[in-house]
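Visitor: Would you mind keeping the following structure in view while I ask a few things?
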Amino acid sequence: GAQDSCSQQCGELLGTCSCQVTCQSLGICCPDYNEFCLQISPYSGSLMGGKDILIENTAFNTSMITCRFKKIIKTNGFVDKDGKAHCISPLLYETGFIPFEVSTDDGQTFPYSGTWLSVHHSKVPDEEKCTLVNETKWQYYGTSNIDGNLTLTWTHQALTATHINIEVWGYQETGDSYSENWFAKWEYLYTLARETPNSGTFSFIPVPAKATYSTWDFGILRITPSTYSDGQSNIPSVWSSAHALAWHLGEDFRNDPITWATAKCVEWDRKEEKLPNFLEEIIDCPCTLSQARADTGRFHTDYGCDIEKGSVCTYHPGAVHCVRAIQASPVYAAGQQCCYDSTGAQILTQDSTSGSTPDRGHDWGSPPFMKPPRIPGFSHWLYDVISFYYCCLWSDNCHFYMKNRPSSDCRTYHPPQAASAFGDPHFFTFDGLNFTFKGQGEYTLVESDLTSLRVQGRTQQAHFPNGTEAQVTGLSAVAMQENNSDVIEVRYSEDLNLEVLLNQKVVNFSEQSWMDLKGLFLHSTSDQKITVMFSSGSGVEIRGSGGFLTLTVLLPDKFMNHTQGLFGVMNGNTEDEYTFKNKTTISVHASPQQLFEFGANWAVENGTSLFTYDTEFLLNNFFYGEKHNTSFLPVFFPYEDPADPLVKEMVLVCDSDPFCRFDVLTTRSLQVGNFTRLSHQNHKQLVENLKPVISCGWLDHPTNGRKNGTNYLLGSTIHFTCNQGYELTGSKEIICQVTGAWSGDIPNC
């Protein structure tokens, strides 16, 4: 019947068959699933649009198609010689997965559907953009002795045309700040070059722009086939990076760039004074580099200054690493940045121009995007970057910039609490208790009434090296959700590959390692460490360790007294760690058998599971079966036989680590034991790195005097001296004390 077609039904479970992504592995797809539910390549591209998307699975017998994104933005598609259809991606003001549909009847019906991943413009690979050769020259053109030719290069195969046009576009935000009528717009300005051969390179001597355009100082270049009209939207395009348009600015800038930029800087400073103070609501920085790198739920590497990439910190010389706050602040959508020196201490703008500067516009944008100040990348450029050019790079007025963008110290920073599970599962709770629970089934690791956060773990029986089943289990899948966010699951597939599922669909990280999703960000490193960063600031890290998953959950301190599950009640007290669903507790000295009952009590209830059951095996063993397998009894006390040849090797691998020894004896695998030892070490190191650090806060030098020292943490000493002719009253040196106050009297000169 008609109800059994996937036309306009992708993602739905129908009466007799399925149009959900899991239908393929279960073999229950509707016959026309592959026709209507589109697979595309590439699956991602810049939010600027203009990318050619090939529809892989369906052939169309028409020459023109219409593609529609988000039900509203229509772009023209085409069908090539071999019958394959193509859509052109649109200009968007948001990142993340965008639904699209395809019509073959001139836009009357849209039966075909798929999703497109829109990404931050600076996350697009360089080879997909046109390159501003020596970008600094473009962005400083017209200032002290910078002139001559500018060159643009691009991959000429990216456009099928023989001749191209090069256009200049500008970005602006209009209306009233922080109101409903504040709008963002990319606008076509003029065509720089027309009917130029598509050779992959173009050089020119820039002339000052006409007066009408010279007010646009932040923009981008677009290369398009010459067959299209000027500024035509959503056509095949190659964009440059977004940049400061020094090279196109008018005669007034060329004649006297310093005066021009100073006037702009002063004007920006006046505007800032009228805008609300976003500094009060951004999160404080971690006190130390080790805290900043450990708090992965709330802070992420700033790609402009990365210790793992050799600490090339152009804007922050002297720093070895910077991080950015992942979430934008709640009301003003502002961002935080924190930079650290080689001793691991913060670098503050109050002490050095290399210090970290917060952002009125978060660089990554923030949901729901679409309007200032939440536009990914570009809102940030307008408030925080072009102003840096005015004040710090094109003129010598950086004090204005630093006044409006001072670093935050760490006096109100509270590190998160960490809980971990690894091996044949050993659990380390938020309050620092550890225990081993080897049930087989699906269990609640942590849930919180604060944000409806749920993290669930599935354990499966471990196998001996010879393939037979061992009497222990290990984590094979972890699923999670917060409020009504997307659901993420990380699991070992049946052939032991690490898979990440987003709302039941396997995620492919080949094009993008970072994804902006609903209620969370998802990141995968090259060595397959998966991080989920929820909007509450809670973080989940998972990595595969030789057939078992290693899991860490990080919760900010607002979750205090708001957690339950196998990871315990996070409240700084271990006495109530083993709390059952009905709130009864058992002693912290409970036997392994009693702990087995505690674990079993936290089995996931049917109907509340977040897992995907897309194979016969999973359906039979976990969906229809018991959530906690009562017939499986694990080994509680492994026997250590001195005559066992494995024991000698075990001592070498494990040293004195009890969890490593346990796992070697129960799985007969030194490799499993070694992974357990490393995971245990990593957890101990993480807890160490997250210890609270006392800060006494930044101190200024006395008027008419100097200070020696820029570290304001516990035990640090600051020395003071007065300029010639002045006398010091108060303490010559003061020390940061346990109370968070400085010793002695702050001196005057």
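Each residue, glycine too, has its Cβ placed from N, Cα and C.
All annotation found in TrEMBL is predicted automatically rather than curated by experts.
Not my notes, these are from TrEMBL:
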DISULFID  Cys722-Cys749  disulfide bond
DOMAIN    2-41  domain 'SMB'
DOMAIN    257-405  domain 'AMOP'
DOMAIN    417-610  domain 'VWFD'
DOMAIN    694-749  domain 'Sushi'
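Mind running through what each feature is packed against?
Guide: Neighbour count (other Cβ atoms within 10 Å of the Cβ, all protein chains): 19 for Cys722 (disulfide bond).
Note on the domain 'SMB' (2-41): DSSP counts are 11 helix, 6 strand, 23 coil.
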Visitor: Long-range same-chain neighbours of Cys749 (disulfide bond), Cβ under 8 Å, sequence gap at least 6?
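Guide: Sequence-distant Cβ neighbours: Pro702, Thr703, Asn704, Gly705, Cys722, Asn723, Tyr726, Glu727, Leu728, Thr729.
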Visitor: Give the residue counts of the domain 'AMOP' (257-405) per reduced DSSP state, in the order helix, strand, coil.
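Guide: Here the numbers are 53 helix, 19 strand, 77 coil.
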Visitor: Would you mind giving the whole-number mean pLDDT across the domain 'Sushi' (694-749)?
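Guide: Across the residues of the domain 'Sushi' (694-749) the model's pLDDT averages 91 on the 0 to 100 scale.
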